[in-house]
Amino acid sequence: MYVVSTKQMLNNAQRGGYAVPAFNIHNLETMQVVVETAANLHAPVIIAGTPGTFTHAGTENLLALVSAMAKQYHHPLAIHLDHHTKFDDIAQKVRSGVRSVMIDASHLPFAQNISRVKEVVDFCHRFDVSVEAELGQLGGQEDDVQVNEVDALYTNPAQAREFAEATGIDSLAVTIGTAHGMYASAPVLDFSRLENIRQWVNLPLVLHGASGLSTKDIQQTIKLGICKINVATELKNAFSQSLKNYLTEHPEATDPRDYLQSAKSAMRDVVSKVIADCGCEGRA
């Protein structure tokens, strides 16, 4: 079976000292680039989508595409619900065949976050679906949800253990100074906090907001326990900027099969770099 949960992927990464990249896809071309590049490099990857992406493309359509491409390339893939907040929405997508879920209740008080996440875990584990949850909040924007940088909360290491034990999650997304979107200046990551979290929690740890981070910072987070790296904005920016440039230089272009090639090439460079930064080439 080529469509898999992320649990084994991330456990393998934790044992092997590398990270699995989760690429947020937005259209067919993004998925083609991610899967083709990963297959060529024999690298494990996760195909992730926010609620907005699943609404845009359709859950059944995305599942069919991932399944078909995994079989075509003989390459295991996970399709993952990124930053989903509603139980009924998650349940419907799990019943449709999704095998990896992030329930994001990080905006709630600690006790309510635990309660909401545990409800999802109890349901998902009945279907052998892996569950990620977040403790603390990232700044920036994901879909229509805006978090003010000033109000963004970092993950508390001691609370992280309580949270993991109380909810039964399979992986924990931590906040240590990253944000959604690209950075105006280099972020200062709290590596000591991450090291502390690793001492309290033995689950695979997840880093959101990795677009634009330096190779050095990404590799340092992996050394300190990060097993999954999320990338979204970097792919979108590469796609859109390349497309704008091409159409500016070739105003006569009308065939998407032609003018999308430059955008795909730009995204391919991003995917290859992220796979290299994660150290997961040859690990699939």
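Keep in mind that glycine also has a Cβ here, set from the backbone N, Cα and C atoms.
Swiss-Prot lists Asp82 with the feature active site, proton donor, giving sequence analysis as the kind of evidence.
The number of other CB atoms found within 10 A of the CB of His83 (Zn(2+) binding site), across every protein chain shown, is 25. His83 (Zn(2+) binding site) falls within a strand segment according to DSSP. Marked as Zn(2+) binding site by Swiss-Prot on the basis of sequence analysis: His83, His180, His208.
Feature annotation from Swiss-Prot assigns dihydroxyacetone phosphate binding site to Gly181, Gly209, Ala210, Ser211, Asn230, Val231, Ala232, Thr233; the stated evidence is sequence analysis. DSSP assigns Asn230 (dihydroxyacetone phosphate binding site) to a strand segment in the three-state reduction.
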TODO: Between Asn230 (dihydroxyacetone phosphate binding site) and His208 (Zn(2+) binding site), find the distance joining the two CA atoms and give it rounded to the nearest Å.
DONE: 5
TODO: Tell me, if you would, which residue among Ser211, Asn230, Thr233 (binding-site residues) has the fewest other CB atoms within 10 Å in the structure shown?
DONE: Thr233
Task: Euclidean distance between Cα atoms of Asp82 (active site, proton donor) and Ser211 (dihydroxyacetone phosphate binding site), Å - done: 15
Open item on the list: What's the number of neighbouring CB atoms sitting within 10 A of the CB on Asp82 (active site, proton donor)?
Closed with: 27
